[in-house]
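What TrEMBL says about this one:
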- B:18-40: transmembrane segment (TRANSMEM)
- B:77-300: domain 'ABC transmembrane type-1' (DOMAIN)
- B:85-106: transmembrane segment (TRANSMEM)
- B:118-135: transmembrane segment (TRANSMEM)
- B:142-161: transmembrane segment (TRANSMEM)
- B:167-189: transmembrane segment (TRANSMEM)
- B:216-240: transmembrane segment (TRANSMEM)
- B:284-304: transmembrane segment (TRANSMEM)
Amino acid sequence: MSRRRIGLALAAASFAWGFASSVAHATDISFWTWRQEDKAAYNELFGDFTKANPDIHVKFESFPDENYPTIVSTALAGSKGGDVIHTHAYGWLEQFVKAGYFEPLDMATVPSLANQPADALVSGTYRADKKVYSLPFASQTLGLFINKDVFAKAGLTPPTTWDEFITVSKALKEKGIYPLANGMGTSWFNEMFVAIFTNPFLGQDFVGDLTSGKTTFKDPRYVAALGKLLELRPYMPDGFEGIDYETAGQLFLSGKAAMLAGGSFDIATYRSQNPAINMDFVAPPMAKAGDTPQATKFFDGGYAVNSKSANKEAALKLVNWMGTKEFGDKFSALLGNISPIKGVVIKDELLSHVAKLNETAMPHINVVYFRFEKPTGSELLQGDITKMMSGSITPDQLAADLTDGLAKWYKPFQGK
Amino acid sequence: MTAGWRHTERPFPWRRSLWIAALLTPALVVMVLFVLWPLLSAFRLAFYEFSGLRPSGFIGLENFRQVLFEKPYSDWTYNAFKHNVIAFLALMVFENGTAFLIAFALLKALPGHRVHQVIVFMPVVLSAVIVGFLWKLFLHPLFGLVNQLLGLVGIAAIPWLGSENTALGSILFANIWHWLGFPTLVLLAGMQRISKDVLEAARLDGAGDYALMTKIVWPLIAPSVTIVTILTFIGSFNWFEIPYVMAGLTGSPGGSTDVLGLYFYRTAFGSTTTGIQDFGQGSALAVLMFIFVAGVTAIALRYLRRREIEQ
């Protein structure tokens, strides 16, 4: 064999060796989520990540929303599960952190934490050790969807105050239009419905008093705000007690209803269901003219790293990338969600308007403060609100049930 | 032949034992892995406190005390238990009562009875999820078939699944529609085992349909009634699928459709929108449900078997 041939063979062998090692070193990590509907967007985002990090490939794996906590906790208990886990926030996250299932994130491993605002980081922080375990992915805003075409056709202007809301609703009803599409048939949304319409009557001061232990839900301000919900009943659809959130959405999209109390998380869905919809998303009616418009805000969840992941380094790299402006810009554009990352540009006019509402929004009280122990504020409120709306209990009774139930674990309420 | 077989078996008695063991092993392994082990695990976990998703310490009977005596958990337990009892009574009267009448009508072999037999049994083969979803649509307050039909006769829309007064009844109705065929077939099989001579003799003695049904058929199908009663009891206290599909995990509205199965699932596994999972309290509920169902079933079986013999 000539020297030339030997040289060529050696060159080919080194090339093959190099190629094989690059393939062998590629790391496959998985991303677990309940957001099946976001698969295409996430795959596009992960494609961008792999372009910048050719040695890491991310596999999107989704599970049904309703069973997600069970599936994730069972997998993690068996030291399995995705390398990166899409988590919910606050109390939901805390039970997983307590069990040691997630890796703490810090500036050394995830420098993009610096891009997150303080209130967003709270949603992914474990209260006991003050460490962040989940990088926040989106803020959600609760407010009022307005079908602009229905209002224009009826010759009415969308309301900004409670009194206007009642006047406009009467006029819409007379024209055969459901003023408010919502019913009480979906437990998880009922809790949001309460937050949407009561927060403008409560104000930031009430939240401060509640969280500092100065007052409880028995506070006359809260009872009076609950009482306002009863005034909505004549303007909701016939048989509203049994109307679920999906039906409410259809009534709104089809123009049978003029307004819908809802969340910014549905903007993209409604646009895809009715591309011709001419809608706005505004703050719910203020208590009186001149008040600050107060939508309700909370952080939906975040991205956490499985503490038993065999590919922790790659998983941390991905989570860090998910906290960058590059990710946030594209995430908001593709999914119609508001990324909390500082400096993210939201080009969509409606979403940009929602982001503006966030500047004066109030926290979703139950989700942010009262879902950490059992019984949760959500369990108590969801159980009682349908009874109050059907008239079988009063706002006072609901407020007392909520306070007494929470007093089991929330010390400031004990004995009050 | 028999003697020869015995002759060949005597020198190797262990072969027969081995053969029996080999046949029993697969079933035993499945039972131990999927029935006994989870049951014992639930018993163990019921005595532990959970911090997050892991047991953090032995707390004795504390979980049992909470679900039975501490508000609001005790209120939720008794509320769910009450609905299971209502379900059992309603299913005994309306489902099994109707099944008995239909079975008696089918026994008479009227023209078209075979078609009716198939029609009655048809919903049983459907999945509970499909049935729940179907009836949820039928009972929709605005677009549902039921309210549309009532609207034709001037009755205003009723929020069947949204009102505390009608929700449980609506779900029970859907359940009865789904399962009616099963007790009908069991009772019909029992009736078909009655000797024709007995029925003809009663007819000759001048017994009408009512007398035949109450004095002859009812006492003679006691074994079938025992089976139907026990299965209805177990089904009522393990009720989950249809309430879950039609009313959700929280047993809405306002817990008016909550049953022990839903309450257990919600407690042990939590839900995305209410938060916390508590395997300890959930296991305590599961243990209590097991003791209650197994205990009452054993007593009822003893009583019903005695009744069969007496009759």
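Each position is counted from 1, following the chain as shown.
Cβ coordinates come from backbone N, Cα and C, glycine included.
Note that TrEMBL annotation is computational and uncurated.
Quantities reported herein were computed from a predicted structural model and do not represent experimental measurements.
Looking at which of B:18-40, B:142-161, B:216-240 has the most CB pairs under 8 Å to the transmembrane segment (B:167-189), the answer is the stretch B:216-240. For the transmembrane segment (B:216-240), the neighbouring stretch richest in Cβ pairs under 8 Å, chosen from B:18-40, B:85-106, B:118-135, B:142-161, is B:85-106. With a threshold of 8 Å between CB atoms, the same-chain residues lying at least 6 positions outside the transmembrane segment (B:118-135) that come near it are 102, 106, 170, 173-174, 177-182, 184-185, 241-242, 244-246. Counting only same-chain residues 6+ beyond the ends of the transmembrane segment (B:18-40), those with a CB under 8 A from a CB of the stretch are 290.
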